[in-house]
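Trainee: I have a structure here, written as structure tokens, and I will follow up with some questions on it.
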Amino acid sequence: MEADPKVPFTDEMNIQDEHNWESGSWSSSRRSNDSNVTLLSRRSSVEQHEDERQKDSDTLFEHGDAALDAQGIADPRLKDYPIPLVAQTVHLRNDDSEPILTFRVWLLSTFWVLAGCSISTVYYFKPFSVRLSGYVVQLCTWKMGQLLASALPTRPFTVLGRRWTLNPGRWSAKEHALVVIAYWGSSYTAYGLGPLSAMELFYGKRLSSPWAITFLVTTQLTGYGLVGLYRHILVRPPSMYYPGILPTVSLFNAMHGDPRQTASSLRVFMAIASAAFVYQWLPSFVFPLLSSLPLLCWVGRGSWEAFVLGSGSLGFGLMDFSLDWNYVAFLSPLFTPLWANANRFVGAALAVWITYPVAYFSDALGSLRFPPMSSETFDTSGGLYNVSRIMTPSLELNQTALELYSTPRWSFSYAMHFFWGFASASAMVTYAVLFHGRTILKALANVWSLDGNTADDIDSEKDPYVKLTSHHARVPQAWYALLLAVCLCLGTIQLYAGDMQLPWWGLQLVVAISALFTLPCGMLFATANVQIGMDYVSEVLAGALFPGRPVAVLTATVYGRQVLEQCLNLASDLKLGFYMKIPEWELLVAQVYGTLLGPFVNWAVMRLIIDTQGAAALLGREGGDGKRQGLGLGQGGGGGGGGGGQQQRAAGAHTTEWNALKTKNFFSSSVIWGVMGPARVFGGGDGSPSSSSPYRWLLPSGFAVGAAAVLLLWLIHKARPAWRVQQWPLHPAIIFHGASLFPVFPTTNLTSSMAAAVASMGVMRRWHPRWFARWNYLLGAGLDCGAQLVQMVLGVAFLVFNRHGQQMVRMPHWWGNDAVAVDQCFPPPDLPSVIMSPM
């Protein structure tokens with residue numbers, strides 16, 4: 001989107017624009033020169049007009065579907081808004097008298113951050129993950145806020161000359177949104193906890209509490225400082241609308257609107273959430289066969305080829321469907337634009353159902369020695385890679401042992417996972433440079449010259465949502481720059497105080513590269529609900545820059561990933577605050593508070609677990625004979641991870657003994673990328689056997705293919721402007737990203753999730769826009785809320801009752817949860833044993 005010269009707002013211009021919007025025109029009008037009308041009379045006219053329009057708006061909402069136009073938009077002022085999904089969901093009502101940062105906000109934010117961080121950290125050291133769902137927190141906070149509004153005293157106090165009260169009145173939507181945003185700031189365990197636990201449990205380096213917390217805080221907050229640089233591109237323009245937050249806005253509207261208008265919406269949401277909660281017990285616990293219905297495997301029963309092609313847990317998942325919402329929700333099908341999911345589906349289908357089967361059955365890269373869809377790391381004989389065989393007692397690389405043993409090997413699908421990851425990162429950056437480079441440079445050039453209290457984008461000047469909040473004070477650029485500088489200074493000091501092996505220039509370089517990736521990734525995230533990130537690039541870059549320094553690699557990887565992700569998290573939350581009409585200052589305070597409080601809880605809970613349980617229990621180093629067990633590289637040990645928890649849940653076999661799987665994966669990653677290094681993994685010239693690595697082509701060809709695909713698209717755009725290439729629903733970066741999702745996640749996710757996307761964002765949105773506008777997001781939020789609540793209940797039940805080898809909470813085995821093959825895809829007698837369990 002090209003930026004035009006900025007025109008400052010005036011009262012007169014606002015008035016004329018209001019009338020322009022009332023007539024449905026998406027164009028900027030100029031000031032009237034009529035000197036016969038005073039500014040006061042104009043304001044009176046506008047206020048009277050606003051009252052009438054508010055009454056009209058209330059009438060529209062009272063009549064439900066009858067008030068929606070053909071596109072599902074209730075407010076005529078928004079009929080030409082550039083993003084119809086926003087116009088259908090976000091209303092134009094704002095009450096500046098509503099309290100925002102109240103005592104209730106601080107109280108509930110603190111409660112939920114403490115509860116959420118404690119639960120997520122406990123399960124960080126369990127074999128399966130449980131966290132408080134954002135929708136559950138949103139629902140509970142709604143009722144808790146109403147309870148506080150009725151119970152707290154309303155008597156005002158005066159402190160330091162400032163008048164305040166514990167209870168300013170009605171529980172408002174803005175307060176509610178700030179509590180949820182503060183919780184989001186720490187809803188997941190801080191990513192830096194992985195390296196800290198790996199350093200202590202494997203490398204014997206225990207950081208003191210002040211420096212450990214400093215590490216966690218700086219990795220979480222550094223990215224926030226970049227938001228000031230990018231908010232004019234990633235937050236203000238209407239086109240940057242963040243599809244994933246619209247369901248949250250829809251739920252806020254249902255909870256805080258006029259009960260006469262929203263009662264039916266709330267009833268529908270509660271009915272859907274309740275039904276989902278009841279149903280989800282079937283695939284999650286009682287009848288897990290519903291999680292995976294491998295039709296091809298059933299039809300071809302007895303054939304090992306059909307087993308490999310059709311199994312969704314061990315094979316390629318062709319014709320595998322799921323009736324488990326946890327799998328169906330994989331692509332966020334009710335929230336993500338259909339064109340984005342179509343790109344991901346095309347990439348995944350080409351990789352999983354065509355490329356991988358052909359390569360596997362032709363034994364490419366020795367595929368037949370490994371499971372077809374495994375994300376584990378193996379040795380050349382096909383067994384799980386044993387890191388302890390190549391490490392000295394001081395946890396350094398034993399080069400002789402490495403040459404006698406093996407360099408890492410992967411299944412063909414997991415090797416291609418890295419190829420697609422490199423290609424998606426390259427394509428993402430190339431696309432932003434070629435198609436949006438001029439706009440980006442112009443916006444960045446004006447960052448420091450923009451007035452923090454005025455609209456900063458020509459489209460923002462025409463945006464009716466901006467006009468509702470144009471009088472709110474904006475956070476100056478200098479405050480974001482100060483936050484960034486403080487985090488970098490503290491982070492640099494912590495590197496040396498904590499002996500993190502990373503030099504000061506390494507931190508600055510990693511943050512700079514992450515900042516460069518943030519903008520193209522953010523543009524994709526804000527429009528397509530797809531976040532590519534820096535997972536692949538940061539690991540390879542850190543390993544290449546700091547070979548032989550595993551702790552430095554872990555540290556650099558965390559900063560590289562978190563700076564980008566946290567910047568986009570705050571940008572997304574700023575957009576949510578914009579939709580909820582929350583001033584930027586108040587939102588930033590709430591977000592930083594939640595993010596700042598979380599690391600203290602993460603570290604305290606981790607210390608309690610490690611000090612009480614010990615390393616042996618957490619790492620499973622003691623076998624039944626009391627001997628130390630060798631450490632193999634588990635799922636995702638080479639840099640990926642995930643998906644295994646869903647398979648374990650579907651099988652209904654939960655063990656709750658302590659098991660620091662995530663910590664093991666961080667250690668394994670530090671060995672592969674830090675101790676051995678990318679040169680050995682992808683082939684190098686050091687004279688070792690790894691110089692002939694079968695993966696030496698992955699990195700250069702991945703980056704080249706990604707850039708070449710976008711370059712070809714750009715050349716077509718230049719050669720044939722009439723074809724309007726930029727309007728094609730085709731994005732190479734998203735296609736490659738879709739291919740990279742597997743085998744990290746089970747292929748059971750793919751078919752059913754795409755079918756739900758077509759039904760919602762395709763059929764219902766196009767052919768039933770009124771139904772879509774009113775119910776789609778509430779349907780998705782209700783299904784997510786109910787399904788996630790079941791996982792929370794099961795997780796807590798397993799934690800409390802299934803301890804010390806006891807299985808008090810378990811479903812008796814029956815036909816619907818077979819102990820051998822929960823999906824009834826039984827392995828045939830001639831199935832190669834390596835597919836079921838590596839040696």
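If you go along the chain as it appears here, the first residue is 1 and each next one adds 1.
Just so you know, glycine gets a Cβ as well, placed from its N, Cα and C.
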Trainee: Looking at the candidate ranges 560-580, 665-685, 812-832, report the one that Swiss-Prot labels transmembrane segment.
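Mentor: My reading of Swiss-Prot: the transmembrane segment range is 665-685.
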Trainee: Where, among 415-435, 478-498, 781-801, do we find the most CB pairs under 8 A to the transmembrane segment (697-717)?
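Mentor: Ranked by Cβ pairs under 8 Å, first place goes to 415-435.
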Trainee: Given the glycosylation sites N398, N749, and counting only Cβ atoms in the protein chains shown, which has the most within 10 Å of its Cβ?
Mentor: N749
Trainee: Would you identify the secondary structure of N398 (N-linked glycosylation site) according to DSSP, in three states?
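Mentor: In three-state terms, N398 (N-linked glycosylation site) counts as coil.
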Trainee: Contact between the transmembrane segment (177-197) and the transmembrane segment (665-685) is defined here as three or more C-beta pairs under 8 Å separated by at least 6 residues; is that satisfied?
Mentor: yes
Trainee: Please state whether DSSP places N386 (N-linked glycosylation site) in a helix, a strand or coil.
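Mentor: Assignment for N386 (N-linked glycosylation site) reads strand.
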Trainee: Look over the recorded stretches 177-197, 315-335, 478-498, 505-525, 585-605 and say which has the most C-beta pairs under 8 A to the transmembrane segment (210-230).
Mentor: 478-498
Trainee: Roughly how many Å lie between the Cα atoms of N398 (N-linked glycosylation site) and N386 (N-linked glycosylation site), rounded to a whole value?
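Mentor: Distance between the two Cα atoms comes out at 13 Å.
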Trainee: State the residues, same chain only, that lie 6 or more residues beyond the ends of the transmembrane segment (781-801) and have a CB under 8 A from a CB inside it; answer 'none' if no residue qualifies.
Mentor: 122-123, 126, 128, 130-133, 135-136, 139, 247-248, 250-251, 268-281, 284-285, 325-326, 329, 334, 649, 654, 656, 808-809
